[in-house]
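Presented below is the structure to which this report refers.
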Amino acid sequence: MTQPDRYAVFGHPIEHSQSPRIHALFAAQTGQDLIYTAEDVPPDRFESCVRAFFDGGGRGLNCTIPLKEMAWLLADSRSGRAKRARAVNTLLLRADGSIFGDNTDGIGLLRDLRDNLGLNLAGTKILILGAGGATRGILAPLLAERPDRLVIANRTVATAETLTVEFGDLGPVEGCGFAALAGRRFDLIINATAASLSGELPPLPADILAPGGSCYDLAYAAEPTPFVRWGQEKQAVVSADGIGMLVEQAAEAFLLWRGVRPQTRPVIETLEAERRTAK
């Protein structure tokens, strides 16, 4: 009897992950025979665990916080968008035994913002909180939407400024510390820090969200994250967490692995309904 193909997501922490549920729904929808699990893999064990997974018959991996830049280094070859981001969230074992790295975060975020939430980013002022691997993965697609300005705020200013040098050819991008945000307003604020995973909120001026502005947290949880609640308190038109992005980027990874694109809207609706029921 043929065994189902094996896939997994590696992260640290990982117990909150909805990825196994998402890929189970994708597999049922498309008739694909596979198993997808979530594995807690600390950074110091990442490479050995990846090698062991693929040596043991695994076909593909997702990598989440804090492993995306390590996955970029490990991959033998990379997609154009992964090369640009210098971060990888999807690994594929090729027939020749080499490991291919892709980054589906940016297109996943863009599809959720644009197609699911109905946001038009052209001419807007965008603020991204954090300058890690998650931010690297979303910068190029966001700048391709031609915002008026994109600002990256980070506790370590030099890290944010490094990204402005790397991505400055794609559009108007600048880096700064959180203190430099005083007196500025933005139409879309994206939280790409890990603060929500520990129940914290990045330090933001009270009036930083422009009237009619929106908030988006790349993280997600069973309950609204502190950043999503902050956006709701500021009367954001949209204040959403990253569950839609997670589904959209997962669909792109599923396409890479299986050659078929699942429908995302039914899966997003199922997850939202399950969250409401669980409350």
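Including glycine, each Cβ sits where the backbone N, Cα and C put it.
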Task = Pick the one from Thr2, Thr30, Thr64, Thr124 that Swiss-Prot also lists for the shikimate site with Ser17, Gln18, Ser19, Asn89, Asp105, Tyr220.
result = Thr64
Ask   = To which of Leu109, Leu110, Leu218, Leu271 does Swiss-Prot also attribute binding of NADP(+) at the site defined by Gly130, Ala131, Gly132, Gly133, Ala134, Gly242?
value = Leu218
Task = Compare the C-alpha of Ala134 (NADP(+) binding site) with the C-alpha of each of the binding-site residues Ser17, Ser19, Asn89, and give the closest one.
result = Asn89
Message = Return the residues near Ser19 (shikimate binding site) by Cβ distance under 8 Å, restricted to its own chain and a separation of at least 6 in sequence.
response = Val9, Tyr36, Ala38, Asn62, Leu246, Ala250
Ask   = So of Gly130, Gly133, Gly242, which of the binding-site residues has the fewest other Cβ atoms within 10 Å around its own Cβ?
value = Gly130
Nearest-integer angstrom distance between the alpha carbons (Cα) of Leu218 (NADP(+) binding site) and Gln18 (shikimate binding site) = 13
